[in-house]
Amino acid sequence: MAEAALATRPGAARATAPLLKVEGLEAWYGESHVLHGMSFDVRQGEVITLLGRNGAGKTTTMKSIIGIMGKRTGSIVFDGTETIKMPSRLIAKLGVAFVPEERGIFSSLSVIENLMLPPQIKPGGLSLDQIYDLFPNLKERSGSQGTKLSGGEQQMLSIARILRTGAKFLLLDEPTEGLAPVIIQQIGATIQRLKNDGFTIILVEQNFRFAQTVADRHYVVEQGRIIDMIPNEEMDASVDKLHRYLGV
Amino acid sequence: MTMIFGVPTAALFGQLLLGLINGSFYAMLSLGLAVIFGLLNIINFTHGAQYMMGAFASWMLLNYLGIGYWPALILAPLIVGATGIILERLLISRLYNLDHLYGLLLTFGVGLIIQGLFRNQYGVSGLPYGIPSQLTGGQNLGFMFMPNYRGWVVVASLIVCLATWFIIEKTRLGAYLRAATENPTLVQAFGINVPLMITLTYGAGVALAAFAGVLAAPIYSVNPNMGADLIIVVFAVVVIGGMGSILGSIITGFALGLVEGLTKVFYPEASSTVIFVIMVLVLLVKPAGLFGRTA
């Protein structure tokens with residue numbers, strides 16, 4: 001049933017192999033073993049979410065995909081390339097872009113310098129004008145110090161700067177965390193627009209109501225494993241189950 | 001004779017010029033330390049030896065290959081910078097995940113070894129290196145006599161300091177450097193080769209020290225200990241300015257050179273300790289240094 005629903009989406013039908021395939025992924029922070037055999041896949045053009053409690057391993061999964069976890073084993077195949085042993089800068093060059101939970105705005109750089117920092121990896125990234133259309137606030141404040149922006153503006157800057165690079169596979173770690181509802185709406189609209197433009201997105205979310213408005217499928221993460229996958233159509237029917245998983 | 005505050009003007013300005021020259025070297029050396037510390041988190045105690053190598057490189061270029069001062073001003077920093085790159089790749093790069101202390105001990109040890117090797121080969125009496133013919137002589141400025149070469153040292157060091165500041169604060173490469181100083185992991189995740197950047201930055205910091213060494217060769221005698229004597233003061237300058245601040249190290253370098261010069265005029269007994277006294281006072285009031293960011 002989920003397959004049938006997906007097949008109607010652009011991109012999902014023609015891509016036979018998933019764009020990203022994670023299998024048996026394990027990862028460690030020093031001595032502590034955080035991921036215990038994560039396996040999931042993401043198809044071209046999909047928006048999927050990783051849902052789960054704090055400490056379940058969602059952020060660690062994102063960091064493993066972009067290659068900034070110190071120790072990781074298993075298999076992460078992106079667009080046909082095994083990346084488990086690659087340094088993050090080479091993974092980035094394959095077209096994967098990361099928006100960290102803490103947003104990663106550089107305080108010693110101005111807004112425009114932050115925006116221009118990630119180098120272009122592939123053709124087809126948004127131009128500066130297109131980015132300013134999407135996020136008009138950034139234009140007005142381009143000379144300010146990056147960290148002087150409000151939380152919402154910093155989040156937009158963090159997303160905006162990777163849209164310039166031409167990467168079409170985005171890892172967004174809790175983009176709505178701590179933001180006002182009106183900003184969350186704006187970020188939701190941005191994700192929707194990127195999806196329509198053919199971007200593939202993994203979203204980490206605590207807020208499954210928000211996740212439901214943008215995603216195709218939801219993976220539930222618990223103790224470093226995927227314990228369930230819920231297609232977006234079944235979200236309403238799965239509310240009780242989700243409450244149990246997320247403990248809300 | 002004209003007097004200011006009971007001091008002959010010629011003596012006053014003479015000491016101020018001397019202070020400005022010392023300040024030029026403090027600024028160039030502390031700038032290199034600041035750049036290296038910012039990105040590598042390594043307190044580069046080899047810096048004094050690398051400054052000395054710059055002076056020796058220009059002496060060797062002249063005496064072994066007949067290459068004069070002007071080409072040496074470019075070549076010596078390149079040669080010594082290259083040795084810095086080798087040092088970073090072979091040894092320093094192994095210490096990034098360890099405590100600061102390891103980097104300090106390693107670079108201190110390497111500095112001692114380099115000094116020892118040069119002492120063994122060239123002795124400690126010092127080798128002469130002439131002022132380039134274009135810069136001999138001096139100008140009578142009315143209130144004082146200004147040797148041309150000393151004027152050139154101040155101008156050259158100002159240019160190099162401002163150019164370094166401009167590159168770091170105003171260019172795209174500098175934005176990479178500043179970003180990588182704050183969060184190297186994320187910069188790497190954008191597809192930027194941070195390890196290469198770190199290696200080249202160390203090379204550039206070392207080249208800056210060597211450039212100062214070439215400028216110093218005609219003023220001070222070329223001597224294996226010339227760096228060791230200077231670097232202690234430079235570290236005090238860095239502590240006062242604040243570790244890792246680019247503009248801070250430039251301003252503090254020149255300012256403390258002048259303060260030292262003034263002290264020589266008004267209270268000569270304190271001239272060799274004044275910088276350390278200021279360091280103590282600054283540490284009491286602003287432990288991160290005048291321009292430092294508290295981490």
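The chain as shown is numbered from 1 upward.
Glycine is no exception: its Cβ is also placed from the backbone N, Cα and C atoms.
Here TrEMBL flags B:29-49 (among others) as transmembrane segment.
Under the heading transmembrane segment, TrEMBL lists B:61-80 (among others). Packing against the transmembrane segment (B:61-80) from elsewhere in the chain are residues 50, 53-54, 129, 132, 206-211, 213-215, 218: each is 6 or more residues past its ends and has a CB under 8 Å from a CB in it.
The feature transmembrane segment is assigned by TrEMBL to B:100-118 (among others).
What TrEMBL records for B:149-168 (among others) is transmembrane segment. Outside the transmembrane segment (B:149-168), and at least 6 residues removed from its termini, the chain residues within Cβ reach (under 8 Å) are 17, 20-21, 24-25, 27-28, 31, 35, 131-132, 135-136, 139, 174, 177-178, 208, 211-212, 215, 218-219, 246-247, 250, 253.
Annotated transmembrane segment per TrEMBL: B:196-220 (among others), in sequence order.
The transmembrane segment feature in TrEMBL is assigned to B:232-259 (among others).
The transmembrane segment annotation in TrEMBL covers B:265-285 (among others).
Scored on C-beta pairs under 8 angstroms, the neighbour of the transmembrane segment (B:196-220) with the top count among B:29-49, B:232-259, B:265-285 is B:29-49. Proximity of distant same-chain residues to the transmembrane segment (B:232-259), defined by a Cβ-Cβ separation under 8 Å and at least 6 residues beyond the stretch ends, is recorded for 16, 19-31, 33-35, 37-38, 43, 47-48, 161-162, 164-165, 168-169, 181, 274-276, 278-279, 282-283, 286, 288-293.
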